[in-house]
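Student: The annotation NADP(+) binding site is assigned in TrEMBL to Gly166, Arg167, Ser168, Thr236. Taken from TrEMBL, the feature domain 'Tetrahydrofolate dehydrogenase/cyclohydrolase catalytic' covers 6-121. Under the heading domain 'Tetrahydrofolate dehydrogenase/cyclohydrolase NAD(P)-binding', TrEMBL lists 140-285.
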Amino acid sequence: MSASIIDGKRIAKELREEIAGRVASFRGEHSIQPKLVAILVGEDPASQVYIRNKQRACEQAGLASSLIRLPDSVSQSELLGQIEDLNQAPDVHGILVQLPLPEGISADLVLRAIRPEKDVDCFHPENVGMLAIGTPRFLPCTPAGVVELLKRSGVETRGAHVVICGRSNIVGKPLALMMMQKGDGGDATVSVCHSRSRNLEELTRQADILVAAVGREGFITGSMIRPGATVIDVGTNRSANGKLVGDVVFEEAVEIAGAITPVPGGVGPMTVTLLLENTLRGARRTVR
Ligand code: GUN
């Protein structure tokens, strides 16, 4: 039997159209165009692609966006100065500093410098704390994209055992918080596995919903999946032949899983879409 494919591209398009509609009503009502400013430090090729995708998505949804490009050689204090200017700018509703940052710049310090009300990535400790106690200001983009994919594909999370492989601050940890939370898209029993977990296969085979967020090609093989499980692949790895691949061995998984996200075309388009949602949310705050 072959798994059904969860089409992230189609679902993201549907959600972007909804967001574009809400952006248009907001602009009509308040004469404010929500605006995202991204900061890109250095020339990392993957980051350049991500930033381009984010800007194009903003444009298509009716949001304003601009990009500040800084050289690798920029000092931490110059970067912090730029962020402070954006913190103060009344027409800027979302600030995003693309990661990774060059050596010599502390990502921790930089992310803490972003005003929490404009922190559309939801990386600031204040926003992470608010998420943890169930009163989120923003939802982090990739985890929120995963939850939205599950909802819109009709995958029940309530009471389900969700096994997340990966404990990063960007995906694993916040996704675990969201999925254990009460309510729609949550109410799951969540296990988080990582590189030190014993008997990994025994754990992953318990999953009704298995999330791979490790960042290693070929990490999840067919034997690690319970027949019929839903498999969400958050990995974005460059294969030796230059192709974009996930963490899951797709050809094996598709024969065993009940439903699966492809890479590309699964979680990736959702991440960008949720950034649009957060920028609109940032703008709404200014009119309340
Ligand atoms: N680099 C990789 N993923 C992300 C993300 O979600 N946000 C930012 N700012 N940088 C990233």
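Keep in mind that glycine also has a Cβ here, set from the backbone N, Cα and C atoms.
All annotation found in TrEMBL is predicted automatically rather than curated by experts.
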Student: Let's see if you can do this one: DSSP helix, strand and coil counts over the domain 'Tetrahydrofolate dehydrogenase/cyclohydrolase catalytic' (6-121), in that order.
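Tutor: So the domain 'Tetrahydrofolate dehydrogenase/cyclohydrolase catalytic' (6-121) is made up of 63 helix, 19 strand, 34 coil.
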Student: Enter the number of other CB atoms within 10 angstroms of the CB of Thr236 (NADP(+) binding site).
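Tutor: Result for Thr236 (NADP(+) binding site): 18 neighbouring Cβ atoms inside 10 Å.
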Student: Tell me the Cβ contacts of Gly166 (NADP(+) binding site) under 8 Å, same chain only and six or more apart in sequence, or just say none.
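Tutor: In sequence order, the residues whose Cβ lies under 8 Å from that of Gly166 (NADP(+) binding site) (at least 6 apart) are Gly172, Val192, Cys193, His194, Val211, Ala212, Ala213, Val214, Gly215, Val234.
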Student: Please list, for the domain 'Tetrahydrofolate dehydrogenase/cyclohydrolase NAD(P)-binding' (140-285), how many residues fall into helix, strand and coil according to DSSP.
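Tutor: Across the domain 'Tetrahydrofolate dehydrogenase/cyclohydrolase NAD(P)-binding' (140-285), DSSP assigns the residues as follows: 54 helix, 26 strand, 66 coil.
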Student: Have a look around Arg167 (NADP(+) binding site) and count the other CB atoms within 10 A of its CB, chains all included.
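Tutor: Looking across every protein chain shown, the total is 17.
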